[in-house]
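Features reported for this protein in TrEMBL:
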- 1-10: compositional bias 'Polar residues' (COMPBIAS)
- 97-120: compositional bias 'Basic and acidic residues' (COMPBIAS)
- 121-135: compositional bias 'Acidic residues' (COMPBIAS)
- 136-145: compositional bias 'Low complexity' (COMPBIAS)
- 1001-1011: compositional bias 'Basic and acidic residues' (COMPBIAS)
- 1012-1021: compositional bias 'Acidic residues' (COMPBIAS)
- 523-703: domain 'RNase III' (DOMAIN)
- 754-880: domain 'RNase III' (DOMAIN)
- 907-981: domain 'DRBM' (DOMAIN)
- 1-55: region 'Disordered' (REGION)
- 97-145: region 'Disordered' (REGION)
- 1001-1021: region 'Disordered' (REGION)
Amino acid sequence: DSSVLSTVMSFHQDRGGPRGGMPPGQHGSAQNYRPANLRPPPPQPPKEEEELLKPAWIRCTHAESYYSNDPMDQVGDSTVVGTSKLRDLYERFEEELGRRQERAKEARPKWEPPKTKLDEDPGDSSSDSECESDGEGSTCSSSSDSEVFDVIAEIKRKKAHPDRLHEELWYNDPGQMNDGPLCKCSAKARRTGIRHSIYPGEEPVKQCRPMNNNAGKLFHYRITVSPPTNFLTDRPTVIEYDDHEYLFEGFSLFSHTPLTNIPLCRVIRFNIDYTIHFIEEMTPENYCVRGLELFAAYLFQDILELYDWNLTGPDCDGEPSGCQRFHFMPRFVRFLPDGGKEVLSMHQVLLYLLRSSKPLVPEEEIADMLQWEELEWQKYAEECKGMIVTNPGMKPSSVRIDQLDREQFNPDVITFPIIVHFGIRPAQLSYAGDPQYQKLWKSYVKLRHLLANSPKVKQIDKQKLTQREEALQKIRQKNTMRREVTVELSSQGFWKTGIRSDVCQHAMMLPVLTHHIRYHQCLMHLDKLIGYVFKERCLLQLAMTHPSHHLNFGMNPDHARNSLSNCGIRQPKYGDRKVHHMYMRKKGINTLINIMSRLGQDDPSPSRINHNERLEFLGDAVVEFLTSVHLYYLFPSLEEGGLATYRTAIVQNQHLAMLAKKLELDRFMLYAHGPDLCRESDLRHAMANCFEALIGAVYLEGGLDEARQLFGRLLFNSEDLREVWLNYPPHPLQVQEPQTDRQLIETSPVLQKLTSFEDSIGVLFTHVRLLARAFTLRTVGFNHLTLGHNQRMEFLGDSIMQLVATEYLFIHFPDHHEGHLTLLRSSLVNNRTQAKVAEELGMQEFAITNDKTKRPVALRTKTLADLLESFIAALYIDKDLEFVHTFMNVCFFPRLKEFILNQDWNDPKSQLQQCCLTLRTEGKEPDIPLYKTLQTVGPSHARTYTVAVYFKGERIGCGKGPSIQQAEMGAAMDALDKYNFPQMAHQKRFIERKYRQELKEMRRERERQEKETDEADEARK
């Protein structure tokens, strides 16, 4: 280790590393440190997407006297203005289709639903006062069984609606999910938060001119989805015009602001990871804003019932909130011979919808249709297949036709043909949401796991497992519990729309996209509050994303799922269901073993864990490092205990939540619109975590100096205090000799001895007295050479090692969650590993003690570990953080492979407890290992403890050590070796299968080292 370290560190120093005597706060190299050499490269788009991202040349079909592009007719910044003919078309469309739903609802008798607890206003005074309370108060109403509502009663109320189209078809109501209100927050809580569609920094948008295309103020983007699975259908919506067919390919988006610095939008739907692209293209000119709004109201409100999709923002004090932020135009295109596209003008789309709007089965023609030849009827039924039809005023109003049957059961009565629709029952109403099924499923999984870990499985337990499996299957097959349902509806009252399910598939992606764009635009407001502009915008979003947040269906997921079931494609192709939890699941012993068996990546890829826990892990180390460094320099006479007390006060969650409040992070955080963070204490804890994640993101992209500046600005409002905090003085040893103190080596035997250590590691200290201080044990009194012992340096060195190890693990182990990274870090930064490295480098030979005999002293493990931490601090103070990185790259990080292959990432006591828990008996309290001290021998300063460990009343291991803790560790290790734990056997088999070759090489290397050690001992004898 020592020779390799010498070579690497010498090379690093030869590259021109800082040699001056100023501390990091002065020469600036450490504060400007960027972890760029370890950061993963940004992901590159696949080759197939490159063609997709190329803007296409487009033109519009003829204006046909509906539009005028005469410059004399234009108003403002438009290029096209609608004529009186277009105005007449809009009025006709609004009268025939736009108001049809409203007229149908008005014609029906008003329904007064039965009252439930939900009808109590959650924003009343009592709820509001609760919300404003401190401490354990809540920001929104609780979701406990007694305090909120009866879900079953609410579902029954919705089922009882007299306008329901069918009992198995679920419908959307504004502000409602399938089992109750979407928002149960108090009046105070509703005034803020992304979950309430309130995006910080958004201003009302000036209204567009309705009869213009507003081309000068709108930015046009083509929206496309990749991969095209479930979006390219064999029966697309087609409009015939001018002897050509125009196929639907998606939507155009018109935005009031340019979509710059906004990353691609990713969505998981149908178990497939989709990317929504928005590509800037030439604007198709032949449209007017009013036509887009009429179409949007018809499709998104009347057909798809997306009532909670708000594109304007909340009304402010009753004032209108301006124009919609986005307008959408359906793209019906034909490909031109020269590679371009011709887009159908918007008025032709409206004319097509008006032409298509006719009864599915006209009452006056029903008798004739029943007499059609079978071939003719099949042709008509086939044309209708996949079409969306609507029954105005019903709930839901629209549905997809999967079959159209004209079979007559009573020859005396003519009945309308039957619409057959194959739908999906909402999860809350199927076996997936059934409490009995959920309880049975949990008990089944638990018993299966227990039997898998049991040394001997009894026949009665096997029968129990089979019985539960059969009971689950029975519930799944019940007609009232099945997810798939077949709905039969009379075609009477249904109208054709001309729209097919492909339009709905694309439309249902738009709510997620608009949220994504608006959120990233509001993050630019957060940039100003932080004082740093992120280049990787996804990194900032990741820092703001709480683990509870999932947004694959928009702000009201039930609305999206219902509309997709009613109007989306019938049989979507599904991907691997593991895509939801492949990178997110972290619970369970088998998941732990699987993840902790993965080796670090030399060429790391970005992590696929899409919440902020990993960044929080990094940010926590950065905050602790910054606090430790500044306290160390600002209080040079304060001992380790005082420094630790101050640091605890600064880095505790309560204080970090206050700093997060200064940045208004609660307005930008993404978390589930549910009970997760209702309590004020939970929200504050999440805000503290979010703040740490933000600091980690700033450190990762902007470097240490940006993180340091941000932390300093938030800690102190006073400019003077901030200056003191940021511009700390050098170390006292550096103040005495500002340039270098190496001239003192000639007169000091202690410093002369340390030069041989410098030679062995390849680092020449500018202030060698810093190295001497690091090696001065606390038993040594004050002296003028080192100005004290190494206890304060231990405090600093520990934080430095935590940061360097954290950063390395964060980048090279992208599949590990926060808890897994913590386990790996604890295997690196602990007394045992540190002492081993110190011993290999021969640090014990250079320790400065008060022993006058100068005999070699055998240092305890803790003392050796402290020596190493102090050395790390001295290396940082004299050089910079890159030197510490190089040192740990050579001496620490290569050991990770051995720790992982030997499964040494967990201490023996924790490992034994895990193994014992896997052997618990169902329905009983789990047995845990119990430790008993059997014997204590020796004087008080050198005692030896003997400890035994018992499991289920049986002694399974015994150990000895100089402390009770070490003796317990020895007993646990003995138990793991001797007792037959199925979990340990499984763990060993798993590693053996996965790393057979690596384990062989590691064993050969260990045998070689042992042989060399034996030969060296023989030679010495």
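The count begins at 1 with the first shown residue.
A Cβ is built for glycine as well, from the same backbone N, Cα and C atoms used for every other residue.
TrEMBL labels come from automatic prediction, so no person has curated them.
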In the same chain, which residue numbers or ranges, 6 or more beyond the ends of the compositional bias 'Basic and acidic residues' (1001-1011), come under 8 angstroms Cβ to Cβ?
-> 897-898, 901
Over the domain 'RNase III' (523-703) the mean pLDDT stands at 89
Mind tallying the compositional bias 'Acidic residues' (1012-1021) by DSSP state, helix then strand then coil?
-> 9 helix, 0 strand, 1 coil
Grouping DSSP H, G, I as helix and E, B as strand, the residues of the compositional bias 'Basic and acidic residues' (1001-1011) number 11 helix, 0 strand, 0 coil
